[in-house]
Each structure stands twice: as C-alpha cells, then as structure tokens.
C-alpha cells in the first residue's frame, strides 16, 4: 500500500457541479460546497490512480486533466432519469453515467478527459442516512464515491463484486476522513 505522499499525481479536476435546488430546506451546507466535492473527488481519484491493485482504466492513470459532472437532485427528478435510462419507475440513491471504457483514446495534452456524470438524490440520501443512523454528509460521500467507482469501471454484478466495491468505498471514505483531519491540523494530506 502506498502512503499518501508517495507517487502523487497532480490532478486538474474540472467539476461540473449542480447544487440541490432545495438546499435551503435542509440544514446542511456540505452538499452544496463545490470546493469540498472537488477536493474529495481529487483525493479519491488520486488514491485509485496510484495503487495498481485497484481497477482503474489505463487512460485515467495516464492523464492529469479529468472532468466529472456531479448533480444533487430530488427523488422526483432522479426517478425520471432512472425511468428513462434504466426502465425503472422508482427513485434511486445514485446514478452514474460513465463515458470512458478500455478502448477510450487519450485527449490531446492539456485537454480534459470526461469521466462521466454522477447524480445523487438528496432526499433518498437523507432517508438512508436516517435508516443507518449516520449523517447526511457521510451518506452523500458514500453515494458519490460509489458513483465515482462506476465511472472508473467498477460494477457489482454479483454479491462478491458488490462486497469488494463496498469495502473499497470504506477505504475511500477513510482516506477522505484522514485528509480532512490533516488539513484541519495544517498538514498536507
């Protein structure tokens, strides 16, 4: 396992961020903090890229300019998207739409590689946070990290692959937690 300071890649992340339209109804500023989400995603991508044991397309390891769309929405909106793209007439917690695959071609130097889009229902996230007795912040991190792994080619077609993916999400959230502690103490993550 690599330490946080080894093999650092300087990632330039273009985050196309769409905040939750009803943010004023929820007493939480975390999910509308674009800078925080950019930081979280960069830490997670950096960890995946520099560790050869984890699934990550070679193209993602080879470029430093990456772009992700992140949108927070409500159950009604995500249900429409879920119906359109997955033929499921129900809200879901997170949807991801990967753009790259193993055959993708690297963009020209200093151009961004589009990874895809992550869409999260804040309403479903709040319900799941309540059910699991943890914060909305933690649930949103869980869902966004799950969506990111799908953008990087992870999938859960069976229980074993789901367990692996969920275990890796735990690692990403722990790395994120450790980085936030380091920053709060004035240390470089």
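Placed from the backbone N, Cα and C atoms, the Cβ positions cover glycine too.
These figures come from a predicted structure and were not determined experimentally.
The Zn(2+) binding site annotation in Swiss-Prot covers 146, 150, 156, and the record cites sequence analysis as its basis.
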Problem - Same-chain residues at least 6 apart in sequence whose Cβ lies under 8 Å from residue 150 (Zn(2+) binding site) - result: 96, 98
Problem - Where residue 156 (Zn(2+) binding site) falls in three-state DSSP terms - result: coil
Fill in the blank from the handout: Students should find that the Cβ of residue 146 (Zn(2+) binding site) has, within 10 Å, a number of other Cβ atoms equal to 21
Practice task
Using the recorded Zn(2+) site (146, 150, 156) as reference, state which further residues of the same chain have their Cβ within 8 Å of the centre of those residues' Cβ atoms, listed in sequence order.
Solution key: 94, 96, 147, 149, 154, 155, 165
